[in-house]
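Q: Sharing the features that TrEMBL gives for it:
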DOMAIN    2-161  domain '6-phosphogluconate dehydrogenase NADP-binding'
DOMAIN    166-279  domain '3-hydroxyisobutyrate dehydrogenase-like NAD-binding'
ACT_SITE  Lys172  active site
Amino acid sequence: MRIGFIGLGNMGGPMSLNLLAAGHTVTVHDVREEAAAEHVARGARWAASPAELAEHSDTVITMLPTPRHVERVMLGEGGLLAAMAEGSTWIDMSTSVPAVADRVRALADERGIRVLDAPVSGMAHGARAGTLQIFVGADPEDAARQRPVLEAMGDPERILHVGPHGTGYAVKLMINMLWFCHLVATSEVLAVGARAGVDLEVLHRSLVASPANSNFLQNDALSVLNNGDYDESFAMALACKDLGLAIDLAREVGVPVELSAVVEQIYRRGKAVFGDLAGEMIPMKLYEDVAGIELRLPAREASGTPGQVRP
Ligand code: NAD
C-alpha cells in the first residue's frame with residue numbers, strides 16, 4: 001500500500017521505519033527534513049509539503065505534537081486534506097482531540113475520504129519494537145481495512161477498535177490521565193514513608209505486597225527507583241498537553257475531575273521547574289527535593305524492566 005507519514009519525531013520516526021520494513025511504499029514529510037535521512041536511505045520518498053505527500057499516498061498518517069499542529073497540517077494553507085485524493089484515508093495517531101478530526105471529517109466525507117483516530121501507548125521503545133498499543137476510533141469497516149497498516153506498527157493483540165470516531169482519542173487521554181495520577185500519588189506515598197523512617201526498599205516491597213499495589217508502583221516507577229531515569233523520550237511539554245486535553249474533555253462532557261486538576265498543576269510545576277524537555281516522570285523529583293531524599297532502591301534490588309514504561 002502507498003502510505004504517507006507526517007511527523008517523524010520520537011514516535012513517528014520509528015513507526016514509519018516499521019511501515020517501510022513491512023514492505024509498504026512510504027512517503028514521508030516533517031518540518032525538519034533531516035528527520036527523514038534514515039527513511040530516505042531505506043527507500044522512502046521525501047515530500048517537501050503535505051500536498052506533495054498526498055499525491056503519492058492512498059493512506060496518510062499524522063503523528064504530530066498537539067491538536068494545533070494537526071489542524072495546521074490538515075486544514076492550514078497548502079494543507080493535506082485539500083490535496084488528498086477521493087476515496088483515500090487519513091489516520092491520526094497523535095494524542096489529540098475529537099474536535100479537530102470532526103472539522104476535518106465534515107469536509108472529508110463529501111469527497112469519500114475516510115477518517116480514523118488511532119492514538120498509541122507504548123512510548124518510543126514500543127514504537128521502535130513495533131509493539132505499540134493502538135486505540136482505533138472509526139467505522140468498523142475502515143478499522144478492519146486499515147488493520148494491516150496498523151499491525152506494522154503495533155502488537156496485533158493490542159490493536160483495539162474502541163468505538164466510533166473520537167473514542168480512540170478519549171481512551172488514550174484517559175490512560176494518560178490515570179497514569180499521571182498514579183505517578184503523583186506514588187511519589188507522595190514514597191516520600192512520606194521514607195521521611196517517616198521506613199527503609200525505601202522495605203516500603204516498596206510492603207506496598208507491592210498490599211492491596212494498594214499498582215502496575216505503576218511495581219513496574220513503571222522502577223525506571224526512577226532503580227536508575228534515576230525520568231524518561232526523556234516523552235517530554236513534559238507533551239505530558240502537560242495531554243493532561244490539559246484530558247481535563248478539557250472532562251469539562252466538555254460535564255464531569256468534575258478535582259483530582260486530575262491538581263495533578264495537572266503538579267505537572268505544570270514540574271515543567272516550570274525542570275523545563276519542557278524534562279522526562280514525563282520528573283514530577284517524582286519535586287517530591288524527592290521537598291523531602292530532601294533521593295528515591296532510589298539499592299542496586300541489589302534492581303529488577304523489572306526500567307525504561308519500558310508507557311505512554
Ligand atoms: P516529537 O516532538 O518527538 O515529534 C513530533 C514531530 O512532528 C517532530 O519531528 C516535528 O518536527 C514534527 N512536526 C511538528 N510540526 C509539524 C508540521 N507542521 N508539519 C510536519 N511536521 C511537523 O513528538 P513525539 O514524542 O513523537 O509525539 C508525537 C505524538 O505522539 C504526540 O501527540 C504525543 O503526545 C504522542 N505520544 C508520544 C509518546 C512518547 O512516548 N513520546 C507516546 C505516546 C503518544
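Placement of Cβ uses the backbone N, Cα and C atoms for every residue, glycine included.
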Q: Across the domain '3-hydroxyisobutyrate dehydrogenase-like NAD-binding' (166-279), what are the DSSP residue counts per state (helix, strand, coil)?
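A: For the domain '3-hydroxyisobutyrate dehydrogenase-like NAD-binding' (166-279), the helix, strand and coil counts are 85 helix, 2 strand, 27 coil.
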Q: Restricting to the domain '3-hydroxyisobutyrate dehydrogenase-like NAD-binding' (166-279), what is the model's mean pLDDT?
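A: Here the mean pLDDT over the domain '3-hydroxyisobutyrate dehydrogenase-like NAD-binding' (166-279) amounts to 97.
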Q: When a 10 Å sphere is centred on the Cβ of Lys172 (active site), how many other Cβ atoms does it contain?
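A: 28, counting other Cβ atoms within 10 Å of Lys172 (active site).
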